[in-house]
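J.: Sharing a structure, written as structure tokens. Questions coming.
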Amino acid sequence: MSETSAEQRAVAAEQAYVDVVYERLEESAKVATSLVKEGYARGTVGNEGGLVERDAMVFQAQRRLSALNAAHEGLVFGRLDLTDGEARYIGRIGVRDADREILLVDWRAPAAALFYQATAQEPSGVIRRRVLRSSGKRVVGVEDDLLDAEAAPEDMEVIGEGALLASLSRARDATMHSVVATIQKEQDEAIRAPVRGATIIGGGPGTGKTVVALHRAAFLLYSDRRRFERGGVLVVGPSSVFMAYIERVLPSLGETAVTLRSLGEVVDGIRAGEHDDAVAAAAKGSARMLAVLRRLARAPQPGEPTSFRYFYKDDVLTLDAKQLAGIRRTLLSGLKRNRAYAKAPAAVASALWRQVHGERALEKGEEEFLEVLTSDHRFVDFIEAWWPPVDAVELWRTLGRRLPELADGAFDAEEVAAMRASWAVSTQEGGVPRIEDVPLIDELRYLVGEVPPPEEEHDDVPRQLMSFERREREQDDALRSTTSIEDDGYAHVLVDEAQDLSPMQWRMLGRRGRQASWTIVGDPAQSSWPAPQEAADARAEALAGKDEHRFRLSTNYRNSAEVYDLAARVAKVAIPGADLADAVRRTGEQPDHRWVADADLAASVAETARELLERVDGTVAVVAPRAALGTVRADLADLVAAHPDRLRVLDGLDTKGLEFDAVAVVEPDAIIAESEAGWRTFYVVLTRATQLLVTVGTSETWLARVA
Ligand SMILES: Nc1ncnc2c1ncn2[C@@H]1O[C@H](COP(=O)(O)OP(=O)(O)OP(=O)(O)O)[C@@H](O)[C@H]1O
């Protein structure tokens, strides 16, 4: 009997089972839909108890419904044949039949762990592991691993050459996919690691750190839904391009109750999408910034009155600059500036009362003095001008102007100039903060405290219902004053590409994870942060002594071996101590280096992009130095318009975490020269290609170095 017909038979048999599961799923969806409707109907009855019940009911039913809808594609993906004769099906979510018998085991359940952990060396009761490949609801193929040949019944068929290689060779599209069907053992261990302290997942490029982290988020929600939905799970990645790339993975695993934010969006009310140049970014991210912000938070605001004079009965009461500074110091010694807002009038009044000596006044006493004073608009106006509530965003807007007076030698002239140039643009009318400004605004927000609210906001939407708020927030202004600090804490904080976080960014995340468990994912060799020790200290402070549990992923599933050989050579000469991974897949396509004359560069880049679009089925990236990005984008605008889903033009930093079937790197030497971490950025860029890699440059100094 031929292999094809064996596979067809297997596909048909699996389809029959999968159909039963889908039927059951439809029934569950119907029940959930009618529950949602019934819940709303109950709400119209209108008593308060009814409302609470309705909210809970609608919430639960809606959640189930969105999980059911999201997990539709490739719902059933695995089957285990066990030595006791059981055939156990594994899926994106758990499904039971009408008699509550298990039809499908949720991949995160303990009963599914064998699917990922059993090996031929240690089959643990598994004879055959089968991965079902599907398109929508249709099973299109199966891939088997025979783990225990001796225990296999004679008629058991084994089909295919392994699911992993088949899945790695697929063409890439614009978004990341879940790898739930082919998670490897070392990855599974990191995904299911117990929730305590900080789980640190390391490994070279393409080893699955991001997918593992996302599957871990789904696993955590499954393992302790109450805790993590209530407290919230925050997933932070480097850029909004990256967040868009990964945002489908969790819903496809049946999870929507996770807050996904890029580093520029971590703080409510602020959305930043652009990076600073290397000098300004390094200065703003540095721990040296902290002292500047502390000074700013305490310093008098420009235009604040420096003295106050008040006539009361026979006395002239005067507070000069020195006395006012003394009151300020006392107020700030115990309280944040905005918290002291309510205390400032009393502090000033009692300093004034101490100067009252006239008999008439003393006779009437302090109480009357206070009554007269506080109902006098001169006093009220003074207090409002002297101790206004300060909004962190407004304070941040003054940084550029006030930096020279606040920096106190902490930054050199080049750094000061770079930061001021950046703020000159972003704080002008209609300007928006850079990604590097967000932690500064957040820091200021914590230093000065919340602005006392003008009126109570009634924002009692439970956190769970704010899931996937990223999209909803898209309508928001990029910048408004920030909301309540009390909302910031999460139950779990998951940081991807953690090697790039600056000390100020670690502080921003640390404030959101004081009570949280953490998952931290990164590869130091891909870091673009120039001062690793400073960042390591800030990270240690953010984790505040939590236990660290380390996992290392060793196999590169992304790059062809040919592409990764070149990248590894770059790492060996330029990145001491890089954690190199093993690339498992050969394509026979060596990276190609094209040297061109200056005048031919633009034409050659366009030609290379066109050629790559023809040679691969999936995505193509053209990666250019930051300084040349605008030009290259303009040169390729027509081509991008013709292939909007397949072709991207990016700078090196924006490629972090992404992958493309083919990558063209423009002017590698310029990318390397562009920042202190240039070689690392170049390493990141090279390791984005799954199949084809071409470099195009007017110089080839780098190539000589790695030859
Ligand atoms: N077990 C797996 N089965 C199938 N594909 C996998 C598996 N693990 C990883 N991959 C694929 O390998 C690619 C790289 O994964 P991922 O982006 O998570 O790696 P990474 O370690 O975060 O990379 P980098 O550090 O370079 O950003 C992705 O396409 C991912 O889907």
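Please read every residue number as a count from 1 along the shown chain.
Placement of Cβ uses the backbone N, Cα and C atoms for every residue, glycine included.
Below are the features I grabbed from TrEMBL:
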BINDING   GLY203, GLY204, PRO205, GLY206, THR207, GLY208, LYS209, THR210  ATP binding site
DOMAIN    182-560  domain 'UvrD-like helicase ATP-binding'
J.: What is the Cβ neighbour count of GLY203 (ATP binding site) at a 10 Å cut-off, with all protein chains included?
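T.: Other Cβ atoms within 10 Å of GLY203 (ATP binding site): 24.
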J.: Starting from the Cβ centroid of GLY203, GLY204, PRO205, GLY206, THR207, GLY208, LYS209, THR210, the recorded ATP site, name every other residue in that chain with its Cβ within 8 Å, sequence order please.
T.: ASP523, LEU553, ASN556, TYR557, ARG558, ALA581
J.: Out of THR207, THR210, which has the highest number of nearby Cβ atoms, where nearby means within 10 Å of its Cβ, if these are the binding-site residues?
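T.: Per the Cβ count, the most surrounded site is THR207.
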J.: Which of the three DSSP states, helix, strand or coil, fits GLY206 (ATP binding site)?
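T.: Looking at the DSSP assignment, GLY206 (ATP binding site) belongs to neither helix nor strand, so coil.
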J.: Could you tally the C-beta atoms, other than its own, that fall within 10 angstroms of the C-beta of LYS209 (ATP binding site)?
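T.: Taking every protein chain into account, the count is 25.
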J.: Which one of these binding-site residues, GLY204, PRO205, GLY208, has the sparsest Cβ neighbourhood, judged by other Cβ atoms within 10 angstroms?
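T.: GLY208, out of the binding-site residues GLY204, PRO205, GLY208, has the fewest neighbouring Cβ atoms within 10 Å.
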J.: I'm checking region-level scores; what's the whole-number mean pLDDT for the domain 'UvrD-like helicase ATP-binding' (182-560)?
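T.: A mean pLDDT of 87 is what the predicted model shows over the domain 'UvrD-like helicase ATP-binding' (182-560).
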J.: For GLY206 (ATP binding site), which residues in the same chain are close in space, meaning a Cβ under 8 Å from its Cβ, but six or more apart along the sequence?
T.: ASN556, TYR557, ARG558, ASN559, TYR564, ALA581, ALA583, GLU659, THR687
